[in-house]
Amino acid sequence: MPAATLDAFLNSYLGQPDELRSAVVATVRQLTQAATKIRNTINQGVLGTAFAGTRGANADGDIQKDLDIFADDIFLDAMRHAPVALYASEELEQPVLLDSKAPLAIAIDPLDGSSNIDTNVSIGTIFSLLPATGAPDGNPAASFLQAGVNQLGAGFFIYGPQLALVLSLGSGTHVFVLSTRLGTFVQAYESRIIPQRTQEFAINAANYRHWDEAVRLYIDDCLEGIEGPREKDFNMRWIASLVADCYRILMRGGVFLYPGDKRKGYRQGRLRLVYEANPIAYLIEQAAGAATDTITRILEIEPESLHQRVPVVFGSAREVARITRYHTEPSAIGERAPLFSRRGLFRA
Ligand SMILES: O=P(O)(O)OC[C@H]1O[C@](O)(COP(=O)(O)O)[C@@H](O)[C@@H]1O
Ligand SMILES: [Mg+2]
Ligand SMILES: [Mg+2]
């Protein structure tokens, strides 16, 4: 029986409360209030004017929009009222120390998909909850340099036609939608299960000429459809909002790729490990999907720095495994369709 509301879900997660669980619940509650504030601001209809303006560049050189900064301020402020020791954000070069005695560290992408703000396409907020480890060497980023398997929970809000929260606290991936009538988040699905197989991929195909051969070959084979080695037609989607692409995959399966490519600064792709790839990988695995950097499981990568980028492939588990084979099976590279039927390597 699905819990009817987010509150009921959080209460059942608490069970016999311990310090970490209580802290996770208190933090999720603060996050939902902050996200609701952002949603209300967006709904005032200022898109394309105040919020689509640009400010400068963030620590990673990305253009910051006013809404990026506004969202960062709102979430940082909310975390001052949560049991959070450290707040790390895409928009801030260094983590902020909030309360050294608190048990949690939060890494956040306050506004994901910001290139979509002025086009009125869904955007979101992604967060990762980690145990604060202290900083014996004085490095405030230390808590964030843990592998994603250590996450206590992860989620994202999506500011779309509905304000939804996709959340995992380590046991399934749950979807809640804000009911403005009830004034609370209501559980929309008990737990998502991503189908193992798919005929839908998401990639920014404009980068085709920059990709490594393994990625090109994989996409070529999908595009050949029923006449090619896959012997089935594929569909393509690319929203350019990670949260929206991920939400779709949680609803109906599919595979998402943002690989590294040959463009300057893109050797490790575009997405950030600590506050984009890790929380998304956690949600996807908790929904029976898989997430890799094309070869290695994302959640096992030890981050070396807070803002590091990582190639990302996630979604339907069998398709993710197939993409790994394009990268690890050298005989696959460079051979074209007629040979596939003889070798049979990539048959489902
Ligand atoms: O514009 P591109 O290269 O297709 O990249 C789109 C990707 O970049 C992102 O917008 C990066 O996130 P930010 O908007 O938080 O920088 C993802 O949401 C999206 O998947
Ligand atoms: Mg982002
Ligand atoms: Mg962002």
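Including glycine, each Cβ sits where the backbone N, Cα and C put it.
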Which candidate from E90, E91, E190 does TrEMBL annotate alongside D109, L111 at the Mg(2+) 1 binding site?
E90
Figure out which of E224, E227, E231, E276 sits with D109, D112 in the Mg(2+) 2 site per TrEMBL.
E276
Close to ligand 2, in the sense of Cβ under 6 Å, among D109, D112, S114, S115, E276 as binding-site residues, are D109, D112, E276
If you tally other C-beta atoms within 10 angstroms for each of the binding-site residues S114, S115, N204, the top scorer is S114
Simplified DSSP label at S114 (substrate binding site) comes out helix
Other than D109, D112, E276, which residues of the same chain sit close to Mg(2+) 2? List them in sequence order, counting a residue when its Cβ is within 8 Å of the Cβ centroid of the site.
E90, G113, G124, T125, I126, F156, L242, V243, L271, R272, Y275, P279
Beyond the listed site residues E90, D109, L111, identify every same-chain residue whose Cβ lies within 8 Å of the center of their Cβ atoms for the Mg(2+) 1 site.
D68, A71, D72, S89, E91, I108, P110, D112, S114, T125, I126, Y275, E276
Checked against DSSP, the composition of the domain 'Fructose-1-6-bisphosphatase class 1 C-terminal' (194-327) is 59 helix, 21 strand, 54 coil
